[in-house]
(Lines of atoms letter the chains of each structure in order from A and count residues from 1; the text may use other names and numbers.)
(Lines give C-alpha, C1' and ligand atoms only; values in the text may rest on other atoms or scores of the structure.)
Protein backbone atom coordinates (compact mmCIF):
# COMPACT_ATOMS: atom_id res chain seq x y z
CA UNK A 1 0.00 0.00 0.00
CA UNK A 2 1.38 3.34 -1.07
CA UNK A 3 0.76 6.48 0.91
CA UNK A 4 -0.20 9.80 -0.71
CA UNK A 5 3.03 11.38 0.44
CA UNK A 6 4.96 8.67 -1.38
CA UNK A 7 3.00 9.37 -4.54
CA UNK A 8 3.69 13.10 -4.28
CA UNK A 9 7.39 12.34 -3.87
CA UNK A 10 7.32 10.10 -6.92
CA UNK A 11 5.73 12.90 -8.93
CA UNK A 12 8.74 15.08 -8.21
CA UNK A 13 11.31 12.32 -8.72
CA UNK A 14 14.03 12.61 -11.40
CA UNK A 15 12.41 9.86 -13.48
CA UNK A 16 9.16 11.84 -13.54
CA UNK A 17 11.02 14.96 -14.66
CA UNK A 18 12.89 12.93 -17.28
CA UNK A 19 9.60 11.79 -18.82
CA UNK A 20 8.64 15.43 -19.23
CA UNK A 21 11.91 16.34 -20.97
CA UNK A 22 10.56 15.79 -24.53
CA UNK A 23 7.60 18.02 -23.75
CA UNK A 24 9.91 20.71 -22.42
CA UNK A 25 12.03 20.49 -25.57
CA UNK A 26 8.91 20.82 -27.73
CA UNK A 27 7.75 23.83 -25.73
CA UNK A 28 11.13 25.58 -25.98
CA UNK A 29 11.38 24.83 -29.71
CA UNK A 30 7.86 26.20 -30.32
CA UNK A 31 8.66 29.39 -28.39
CA UNK A 32 11.90 29.77 -30.32
CA UNK A 33 10.06 29.52 -33.65
CA UNK A 34 7.42 31.96 -32.43
CA UNK A 35 10.06 34.50 -31.38
CA UNK A 36 11.80 33.96 -34.71
CA UNK A 37 8.54 34.81 -36.46
CA UNK A 38 8.29 37.99 -34.37
CA UNK A 39 11.76 39.11 -35.45
CA UNK A 40 10.97 38.35 -39.08
CA UNK A 41 7.74 40.34 -38.70
CA UNK A 42 9.63 43.27 -37.19
CA UNK A 43 12.23 43.20 -39.98
CA UNK A 44 9.38 43.05 -42.50
CA UNK A 45 7.78 46.17 -41.01
CA UNK A 46 11.08 48.06 -41.08
CA UNK A 47 11.96 47.13 -44.64
CA UNK A 48 8.54 47.56 -46.24
CA UNK A 49 6.69 50.00 -43.98
CA UNK A 50 3.57 47.84 -44.36
CA UNK A 51 0.41 48.36 -42.34
CA UNK A 52 0.36 46.44 -39.08
CA UNK A 53 -3.40 45.85 -39.13
CA UNK A 54 -3.40 44.58 -42.71
CA UNK A 55 -0.49 42.24 -42.05
CA UNK A 56 -2.01 40.79 -38.89
CA UNK A 57 -5.39 40.33 -40.57
CA UNK A 58 -3.75 38.60 -43.55
CA UNK A 59 -2.08 36.18 -41.09
CA UNK A 60 -5.05 35.75 -38.74
CA UNK A 61 -7.57 34.82 -41.45
CA UNK A 62 -5.68 31.69 -42.67
CA UNK A 63 -4.92 30.75 -39.06
CA UNK A 64 -8.63 30.88 -38.17
CA UNK A 65 -9.47 28.67 -41.15
CA UNK A 66 -6.85 26.12 -40.11
CA UNK A 67 -8.11 26.14 -36.52
CA UNK A 68 -11.67 25.53 -37.71
CA UNK A 69 -10.54 22.66 -39.94
CA UNK A 70 -8.48 21.06 -37.18
CA UNK A 71 -10.96 21.41 -34.32
CA UNK A 72 -14.35 21.32 -36.11
CA UNK A 73 -16.31 23.07 -33.31
CA UNK A 74 -19.60 22.30 -35.05
CA UNK A 75 -19.10 18.55 -34.49
CA UNK A 76 -19.34 16.59 -31.27
CA UNK A 77 -21.23 17.73 -28.23
CA UNK A 78 -23.12 20.98 -28.89
CA UNK A 79 -21.66 24.06 -27.26
CA UNK A 80 -23.91 26.04 -24.94
CA UNK A 81 -24.51 29.77 -25.15
CA UNK A 82 -22.65 30.25 -21.87
CA UNK A 83 -19.56 28.98 -23.67
CA UNK A 84 -20.02 30.43 -27.15
CA UNK A 85 -20.89 34.01 -26.14
CA UNK A 86 -17.82 34.51 -23.88
CA UNK A 87 -15.65 33.01 -26.62
CA UNK A 88 -16.99 35.53 -29.13
CA UNK A 89 -16.37 38.36 -26.68
CA UNK A 90 -12.91 36.94 -26.11
CA UNK A 91 -12.38 37.19 -29.87
CA UNK A 92 -12.93 40.93 -29.68
CA UNK A 93 -10.39 41.16 -26.86
CA UNK A 94 -7.96 39.07 -28.92
CA UNK A 95 -8.36 41.35 -31.94
CA UNK A 96 -7.70 44.45 -29.83
CA UNK A 97 -4.69 42.75 -28.23
CA UNK A 98 -3.18 41.86 -31.61
CA UNK A 99 -3.60 45.38 -32.98
CA UNK A 100 -2.04 47.02 -29.92
CA UNK A 101 0.73 44.43 -29.75
CA UNK A 102 1.55 44.88 -33.44
CA UNK A 103 1.70 48.66 -33.00
CA UNK A 104 3.95 48.20 -29.99
CA UNK A 105 6.21 45.82 -31.91
CA UNK A 106 6.66 48.30 -34.74
CA UNK A 107 7.38 51.25 -32.45
CA UNK A 108 9.20 49.64 -29.51
CA UNK A 109 11.07 46.71 -31.05
CA UNK A 110 10.84 42.96 -30.45
CA UNK A 111 12.55 42.83 -27.04
CA UNK A 112 10.23 45.36 -25.42
CA UNK A 113 7.15 43.98 -27.15
CA UNK A 114 7.84 40.37 -26.09
CA UNK A 115 8.73 41.19 -22.49
CA UNK A 116 5.78 43.57 -22.18
CA UNK A 117 3.49 40.57 -22.77
CA UNK A 118 4.39 39.37 -19.28
CA UNK A 119 2.89 42.52 -17.79
CA UNK A 120 -0.37 40.58 -17.69
CA UNK A 121 0.85 39.23 -14.35
CA UNK A 122 -0.50 42.45 -12.81
CA UNK A 123 -3.84 40.65 -12.82
CA UNK A 124 -2.44 38.76 -9.84
CA UNK A 125 -2.71 41.98 -7.84
CA UNK A 126 -6.40 42.15 -8.70
CA UNK A 127 -6.86 38.53 -7.70
CA UNK A 128 -5.50 39.26 -4.24
CA UNK A 129 -8.06 42.05 -3.87
CA UNK A 130 -10.91 39.85 -5.11
CA UNK A 131 -9.96 36.89 -2.94
CA UNK A 132 -9.45 39.11 0.09
CA UNK A 133 -5.98 37.83 0.98
CA UNK A 134 -4.75 40.99 2.67
CA UNK A 135 -1.70 39.26 4.13
CA UNK A 136 -0.39 38.67 0.60
CA UNK A 137 -0.97 42.25 -0.50
CA UNK A 138 2.53 43.46 0.26
CA UNK A 139 4.00 40.72 -1.94
CA UNK A 140 1.67 41.72 -4.76
CA UNK A 141 2.63 45.37 -4.47
CA UNK A 142 6.32 44.47 -4.39
CA UNK A 143 5.92 42.32 -7.49
CA UNK A 144 4.02 45.09 -9.26
CA UNK A 145 6.77 47.62 -8.44
CA UNK A 146 9.45 45.21 -9.69
CA UNK A 147 7.61 44.64 -12.98
CA UNK A 148 7.13 48.37 -13.51
CA UNK A 149 10.80 48.97 -12.72
CA UNK A 150 11.86 46.34 -15.25
CA UNK A 151 9.63 47.80 -17.96
CA UNK A 152 10.91 51.28 -17.13
CA UNK A 153 14.52 50.13 -17.54
CA UNK A 154 13.59 48.54 -20.86
CA UNK A 155 11.99 51.77 -22.03
CA UNK A 156 15.16 53.65 -21.06
CA UNK A 157 17.24 51.39 -23.30
CA UNK A 158 18.96 49.15 -20.77
CA UNK A 159 18.64 46.20 -23.14
CA UNK A 160 20.39 48.12 -25.92
CA UNK A 161 24.13 48.55 -26.21
CA UNK A 162 23.71 52.20 -27.17
CA UNK A 163 21.95 53.43 -24.03
CA UNK A 164 22.89 50.74 -21.53
CA UNK A 165 24.87 51.82 -18.44
CA UNK A 166 27.41 49.25 -19.50
CA UNK A 167 27.92 50.99 -22.84
CA UNK A 168 31.27 52.53 -21.84
CA UNK A 169 32.59 49.13 -20.81
CA UNK A 170 31.36 47.64 -24.06
CA UNK A 171 33.02 50.36 -26.12
CA UNK A 172 36.28 49.85 -24.24
CA UNK A 173 36.21 46.15 -25.03
CA UNK A 174 35.45 46.89 -28.67
CA UNK A 175 38.41 49.27 -28.93
CA UNK A 176 40.69 46.58 -27.53
CA UNK A 177 39.57 44.20 -30.27
CA UNK A 178 42.45 44.85 -32.72
CA UNK A 179 41.31 42.07 -35.04
CA UNK A 180 38.69 44.35 -36.60
CA UNK A 181 39.72 47.07 -39.06
CA UNK A 182 38.96 50.64 -38.06
CA UNK A 183 36.42 50.93 -40.86
CA UNK A 184 34.46 47.91 -39.57
CA UNK A 185 34.58 49.27 -36.05
CA UNK A 186 33.18 52.59 -37.20
CA UNK A 187 30.42 50.83 -39.12
CA UNK A 188 29.54 48.69 -36.10
CA UNK A 189 29.40 51.74 -33.83
CA UNK A 190 27.20 53.57 -36.32
CA UNK A 191 24.99 50.52 -36.70
CA UNK A 192 24.25 50.41 -32.97
CA UNK A 193 22.54 53.81 -33.11
CA UNK A 194 19.22 52.24 -34.05
CA UNK A 195 16.80 52.04 -31.12
CA UNK A 196 16.00 55.32 -29.34
CA UNK A 197 14.96 55.84 -25.73
CA UNK A 198 11.18 55.56 -25.60
CA UNK A 199 9.99 56.26 -22.08
CA UNK A 200 7.02 54.73 -20.31
CA UNK A 201 4.52 56.73 -22.38
CA UNK A 202 5.41 54.80 -25.53
CA UNK A 203 5.60 51.54 -23.58
CA UNK A 204 1.96 51.82 -22.53
CA UNK A 205 0.78 50.33 -25.83
CA UNK A 206 2.58 46.95 -25.47
CA UNK A 207 1.87 46.92 -21.72
CA UNK A 208 -1.88 47.27 -22.33
CA UNK A 209 -1.58 44.58 -24.99
CA UNK A 210 0.07 42.27 -22.45
CA UNK A 211 -2.74 42.85 -19.95
CA UNK A 212 -5.33 42.09 -22.65
CA UNK A 213 -3.43 38.93 -23.57
CA UNK A 214 -3.57 37.74 -19.97
CA UNK A 215 -7.27 38.63 -19.78
CA UNK A 216 -8.12 36.53 -22.83
CA UNK A 217 -6.26 33.57 -21.35
CA UNK A 218 -8.18 33.92 -18.09
CA UNK A 219 -11.50 34.00 -19.95
CA UNK A 220 -10.52 30.94 -21.98
CA UNK A 221 -9.67 29.01 -18.78
CA UNK A 222 -12.91 30.00 -17.08
CA UNK A 223 -15.12 29.07 -20.02
CA UNK A 224 -13.51 25.76 -21.01
CA UNK A 225 -13.19 22.97 -18.47
CA UNK A 226 -11.86 20.11 -20.58
CA UNK A 227 -8.85 20.33 -22.87
CA UNK A 228 -10.70 19.28 -26.01
CA UNK A 229 -13.41 21.84 -25.26
CA UNK A 230 -10.72 24.48 -24.82
CA UNK A 231 -9.37 23.84 -28.31
CA UNK A 232 -12.83 23.96 -29.88
CA UNK A 233 -13.62 27.24 -28.18
CA UNK A 234 -10.24 28.65 -29.17
CA UNK A 235 -11.12 28.02 -32.83
CA UNK A 236 -14.29 30.06 -32.31
CA UNK A 237 -12.28 32.77 -30.57
CA UNK A 238 -9.79 33.12 -33.43
CA UNK A 239 -12.60 33.13 -36.00
CA UNK A 240 -14.37 35.81 -33.98
CA UNK A 241 -11.13 37.83 -33.74
CA UNK A 242 -10.81 37.66 -37.52
CA UNK A 243 -14.33 39.03 -37.92
CA UNK A 244 -13.63 41.85 -35.46
CA UNK A 245 -10.38 42.74 -37.21
CA UNK A 246 -11.91 42.71 -40.71
CA UNK A 247 -13.51 46.19 -40.54
CA UNK A 248 -10.32 47.61 -39.02
CA UNK A 249 -8.26 46.17 -41.87
CA UNK A 250 -10.70 47.46 -44.49
CA UNK A 251 -10.76 50.89 -42.89
CA UNK A 252 -6.99 50.94 -42.78
CA UNK A 253 -6.83 49.95 -46.44
CA UNK A 254 -9.35 52.62 -47.51
CA UNK A 255 -7.75 55.40 -45.49
CA UNK A 256 -4.30 54.31 -46.65
CA UNK A 257 -5.25 54.25 -50.31
CA UNK A 258 -6.83 57.71 -50.12
CA UNK A 259 -3.98 59.34 -48.20
CA UNK A 260 -0.77 60.71 -49.62
CA UNK A 261 1.41 58.18 -47.82
CA UNK A 262 0.14 55.34 -49.95
CA UNK A 263 3.54 53.66 -49.95
CA UNK A 264 3.29 53.07 -46.20
CA UNK A 265 -0.03 51.27 -46.61
CA UNK A 266 1.02 48.72 -49.20
CA UNK A 267 1.24 45.09 -48.23
CA UNK A 268 4.12 43.52 -50.13
CA UNK A 269 4.43 39.77 -49.87
CA UNK A 270 7.15 38.03 -47.89
CA UNK A 271 6.79 34.25 -47.73
CA UNK A 272 8.70 33.68 -44.50
CA UNK A 273 7.13 36.60 -42.63
CA UNK A 274 3.59 35.47 -43.48
CA UNK A 275 4.07 31.70 -43.13
CA UNK A 276 6.04 31.92 -39.87
CA UNK A 277 3.45 34.23 -38.32
CA UNK A 278 0.57 31.98 -39.40
CA UNK A 279 2.11 28.67 -38.36
CA UNK A 280 4.40 29.48 -35.44
CA UNK A 281 2.91 32.75 -34.24
CA UNK A 282 -0.68 31.47 -34.05
CA UNK A 283 -1.12 27.71 -34.46
CA UNK A 284 1.96 25.90 -33.16
CA UNK A 285 2.43 28.16 -30.14
CA UNK A 286 -1.17 27.59 -29.03
CA UNK A 287 -0.80 23.81 -28.94
CA UNK A 288 2.64 24.08 -27.34
CA UNK A 289 1.35 26.38 -24.58
CA UNK A 290 -1.65 24.08 -24.07
CA UNK A 291 0.66 21.09 -23.62
CA UNK A 292 2.88 23.06 -21.25
CA UNK A 293 -0.12 24.14 -19.19
CA UNK A 294 -1.73 20.69 -19.08
CA UNK A 295 1.31 18.45 -18.69
CA UNK A 296 4.10 20.68 -17.38
CA UNK A 297 1.86 22.98 -15.27
CA UNK A 298 3.62 26.01 -16.80
CA UNK A 299 1.42 29.01 -17.59
CA UNK A 300 2.47 31.91 -19.79
CA UNK A 301 2.95 34.50 -17.03
CA UNK A 302 5.48 32.49 -15.04
CA UNK A 303 9.23 32.85 -14.39
CA UNK A 304 9.92 29.50 -16.12
CA UNK A 305 8.22 30.67 -19.30
CA UNK A 306 10.09 33.98 -19.10
CA UNK A 307 13.42 32.17 -18.75
CA UNK A 308 12.77 30.09 -21.88
CA UNK A 309 11.68 33.15 -23.86
CA UNK A 310 14.71 35.15 -22.68
CA UNK A 311 17.12 32.49 -23.95
CA UNK A 312 15.40 32.55 -27.35
CA UNK A 313 15.52 36.37 -27.43
CA UNK A 314 19.27 36.37 -26.77
CA UNK A 315 19.85 34.02 -29.70
CA UNK A 316 17.68 36.09 -32.05
CA UNK A 317 19.29 39.37 -31.00
CA UNK A 318 22.71 37.96 -31.82
CA UNK A 319 21.63 36.38 -35.10
CA UNK A 320 19.84 39.51 -36.34
CA UNK A 321 22.71 41.75 -35.08
CA UNK A 322 20.39 44.02 -33.15
CA UNK A 323 21.30 46.86 -30.80
CA UNK A 324 21.61 44.55 -27.81
CA UNK A 325 23.21 44.60 -24.36
CA UNK A 326 23.35 41.17 -22.76
CA UNK A 327 24.09 42.46 -19.25
CA UNK A 328 21.29 45.02 -19.25
CA UNK A 329 18.86 42.52 -20.75
CA UNK A 330 19.64 39.89 -18.11
CA UNK A 331 19.18 42.45 -15.31
CA UNK A 332 15.80 43.52 -16.70
CA UNK A 333 14.70 39.88 -17.04
CA UNK A 334 15.76 39.05 -13.48
CA UNK A 335 13.79 42.00 -12.09
CA UNK A 336 10.79 41.10 -14.25
CA UNK A 337 10.96 37.44 -13.22
CA UNK A 338 11.06 38.43 -9.54
CA UNK A 339 8.05 40.66 -10.03
CA UNK A 340 6.10 37.89 -11.79
CA UNK A 341 7.02 35.44 -9.03
CA UNK A 342 5.72 37.74 -6.31
CA UNK A 343 2.64 38.82 -8.26
CA UNK A 344 1.55 35.21 -8.81
CA UNK A 345 2.24 34.02 -5.25
CA UNK A 346 -1.49 33.76 -4.47
CA UNK A 347 -2.13 31.35 -7.31
CA UNK A 348 0.72 29.09 -6.18
CA UNK A 349 -0.55 29.10 -2.60
CA UNK A 350 -4.06 28.18 -3.76
CA UNK A 351 -2.73 25.28 -5.85
CA UNK A 352 -0.61 24.02 -2.97
CA UNK A 353 -3.54 24.23 -0.54
CA UNK A 354 -5.79 22.32 -2.94
CA UNK A 355 -3.14 19.64 -3.40
CA UNK A 356 -2.56 19.30 0.34
CA UNK A 357 -6.29 19.12 1.08
CA UNK A 358 -6.74 16.38 -1.50
CA UNK A 359 -3.85 14.43 0.00
CA UNK A 360 -5.27 14.74 3.53
CA UNK A 361 -8.71 13.65 2.35
CA UNK A 362 -7.18 10.64 0.64
CA UNK A 363 -5.53 9.54 3.89
CA UNK A 364 -8.78 9.50 5.87
CA UNK A 365 -11.25 8.48 3.17
CA UNK A 366 -9.54 5.59 1.46
CA UNK A 367 -6.03 4.39 1.97
CA UNK A 368 -6.19 1.82 -0.81
CA UNK A 369 -7.78 3.76 -3.68
CA UNK A 370 -6.61 7.34 -3.75
CA UNK A 371 -8.19 10.05 -5.90
CA UNK A 372 -5.90 11.48 -8.59
CA UNK A 373 -3.97 14.62 -7.86
CA UNK A 374 -5.36 17.83 -9.39
CA UNK A 375 -3.60 19.21 -12.45
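Just so it is clear, glycine is given a Cβ too, placed from its N, Cα and C backbone atoms.
In TrEMBL, the feature transmembrane segment is placed on 82-101, out of the ranges 82-101, 102-121, 162-181.
From the options 232-251, 352-371, the stretch TrEMBL describes as transmembrane segment is 232-251.
Counting C-beta pairs under 8 angstroms (sequence separation of 6 or more), the transmembrane segment (141-159) fails to reach the transmembrane segment (304-320), with fewer than 3 such pairs. Long-range contacts of the transmembrane segment (271-292) within the same chain, counting only residues at least 6 positions beyond its ends with a Cβ under 8 Å from a Cβ of the stretch, are 23, 26-27, 30-31, 33-34, 36-38, 40-41, 43-44, 55, 58-60, 62-63, 66-67, 227, 230-231, 234, 238, 298, 300, 305. Counting only same-chain residues 6+ beyond the ends of the transmembrane segment (304-320), those with a CB under 8 A from a CB of the stretch are 27-28, 31-32, 35-36, 39, 43, 110-111, 114-115, 118, 292, 298, 326, 329-330, 333, 336-337, 340.
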